[in-house]
Amino acid sequence: MGSCRAWALPELLVLSVWLWVSSASPTHPPSPALRVRLAGYPRKHNEGRVELFYNDEWGTICDDDFTLANAHVLCRHLGFVAATGWAHSAKYGKGVGRIWLDNVNCAGGEKSIGDCKHRGWGNSDCSHEEDAGVICKDERIPGFKDSNVIETEPSHVEEVRLRAVGAGARRQLPVTEGIVEVRYKDGWAQICDEGWSSHNSRVVCGMLGFPAEKKVNKNFYKLASKSQPKQKRREDVGSKKRLLAERQQLRYRLHSVSCAGTEGHLSMCAFQFYRGNVSAACSGGSAAVVSCVPGPLFATGSAHKKKQRQQRQQQGQPRIRLKGGAKVGEGRVEVLKGSEWGTICDDRWNLLSASVVCRELGFGSAKEALTGARMGQGTGPIHMNEVQCLGTEKSLWSCSFKNITQEDCKHTEDVAVRCNVPYMGYETLIRLSGGRSRFEGRVEVAVGAGAGEQPRWGLVCSEGWGTLEAMVACRQLGLGFANHGLQETWYWDASNVTEMVLSGVKCTGHEMSLSHCQHHGSSLNCRNTGTRYAAGVICSETASDLLLHAPLVQETAYIEDRPLHMLYCAAEESCLSSSARLANWPYGHRRLLRFSSQIHNNGRADFRPKAGRHSWVWHECHRHYHSMDIFTHYDILTPNGTKVAEGHKASFCLEDTECEEDVAKRYECANFGEQGITVGCWDLYRHDIDCQWIDITDVKPGNYILQVVINPNFEVAESDFTNNAMKCNCKYDGHRIWVHSCHIGDALSEEANRRFEQYPGQLNNQIS
């Protein structure tokens, strides 16, 4: 991936220098040969995005904690006397491949950036939107020698697009076919198709978010088509005129492109640049044209969608999925083995393997192969380790890998991916106004943006607006997860947009755009049309992820007949079934199914109650505050899903009962303390506290499903709500109860879930 190829000519503007490092940091030893270069566009010769050649692969540096001292070290590496500044947030464009360093902290006198303190090579929680750059003083170190020739013309391929032509130019997004163009100066340039192969097309399609390429009708793109019938030529005369005008504007930039087909970016292929006068360039060919096959999420046209739906039905349930990602095409990689979903350990995880995952899921090649549970920790088994793909496999299961034991890996090493996805333009149809930062504000959407029409911006009615709708809005904005969905936004009244244009929005939380959610369409129906009732959001790059420790429920479940005189407080908090109101208080008892709940936060942000402590409710009987009225739902269901008993648990106290090693507790309820669950910690509700039960007094003997759902009303945003439910099989004989097969709701295959729900029951108390 990082080897010098035909395109790496001596004339490269990309400024690079070989630095041989003689001494290694005791904690983070650098590579024996560390190569540094400046890249990006537009820029001068003494500035640019910092790129490091480490472990045979080019990568970037994250801007977290970046300082001028870091820039001094890098600029001296490159032969400049000092740095005059540095740049954050990918000022010189986003790089590709690995992000090699993060949280770099140099004193300023180090000889190598590898000698500075940092998190470790390849250990980063950044995206390429945070690539760091430097500005060096335009004065060379006396006697400093390097082999670089500095030009005024960029010689690095960074941005690629497909330009639809003719009738195709009016097609809806995504653009799946067109002329391949690369960014050049202030415009775009083409690639000569002499020697162009399907491998090249595969790389281009992967970059643009498509899993595969297909043959293209090149005759359509050629003006000289004498072999076509006259009638056909007359029909195409309009397209030919457009093509002629476009062909006259062609300016070629690249030729002799040669890809293996497994590269993640065109810049990793061998190619050559045209130099000087290119008026006669590509005389024996024409502009390279590519046609791509979109994945199921981005397929257009009913015929295409029907074909892909039939293919999915034939293939059955997918054996791979992404979890915990904020955007489409990113997340923790989980694979299905047997009937149980599990994760992958990050040993030897790289872009080739990540790209196989992305293409298998219907996306393009991988932008990033992430390690160290960057998308949160999974649960259950770890199915694979040391995955090694060639890049040509149709499925990750076709790659070589090792089965592991529990000692080999932990969930702190779960892998994740960020895939290339097609450009759909959804982010151009939504914006925020009035917020204190770009992550918050009143939601404004564009409607009526038809062909040739200017969009009309308006507000979203906040009736029914909640966390799920806010999650979709934040995803569409490209701002990550939703922190809050707000129904009143009078404090963000800073825009001249006052008209409500969208109402009745109801989302499942997985949609890519608010327009994909249910809504009233053009028939606006909003009781409060004032701007103070316009919907708003607060977005966040990270989110919590709660899940229940299922084995503990199974181990601690039991029945208690509790006297009514001990249940007054519980009745006050509605923790008993409705028939308890008709009981002969204080005589008699209620039959309770009791169990312990241990709720873990496996996400990337602390779980905090939505309500601030000023609005917590004091309950005199139990003498504590409720930060959430309903934190968990407890239900007894028949096998067909009918509810026969229910309970609920308010958040008596959200706190860190215990934490993983090296994680400090942050939340404690004593003395009206802050409530929450820290990442890597869990909150334990013991079986012997009030309301930690289901009242089953009225339940008849039989076979049932015990279901526990955390955060059931989506009050607090999480990265993944599909793992909030836990289910168990249970048999109740009127005296005893057997609880078994407890599992998180999405932990099993579809077939295993069907077997679970059709469980015929037991003849004895021996659980097999």
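Glycine residues also receive a Cβ, built from the backbone N, Cα and C atoms like all the rest.
Automatic, uncurated: that is what TrEMBL annotation is.
Since we're looking at a predicted model, the values are computed, not measured.
Within the set CYS4, CYS126, CYS136, TrEMBL assigns CYS136 as the partner of CYS75, by disulphide bond. Looking at the candidates CYS62, CYS192, CYS205, TrEMBL gives CYS62 as the cysteine bonded to CYS126 by a disulfide. Each residue contributes its Cα atom, and for CYS399 (disulfide bond) and CYS345 (disulfide bond) these two points are 14 Å apart.
Packing around CYS75 (disulfide bond) is summarised by its Cβ count: 25 other Cβ atoms lie within 10 angstroms of its Cβ, all protein chains included.
When the disulfide-bonded residues CYS62, CYS126, CYS136, CYS389 are scored by other C-beta atoms within 10 Å, CYS136 scores highest. A distance of 26 Å separates the Cα atom of CYS269 (disulfide bond) from that of CYS126 (disulfide bond). Looking at CYS126 (disulfide bond) and CYS419 (disulfide bond), their Cα atoms lie 15 Å from each other. Looking only at Cα atoms, CYS389 (disulfide bond) sits nearest to CYS358 among the disulfide-bonded residues CYS106, CYS259, CYS358, CYS409, CYS507.
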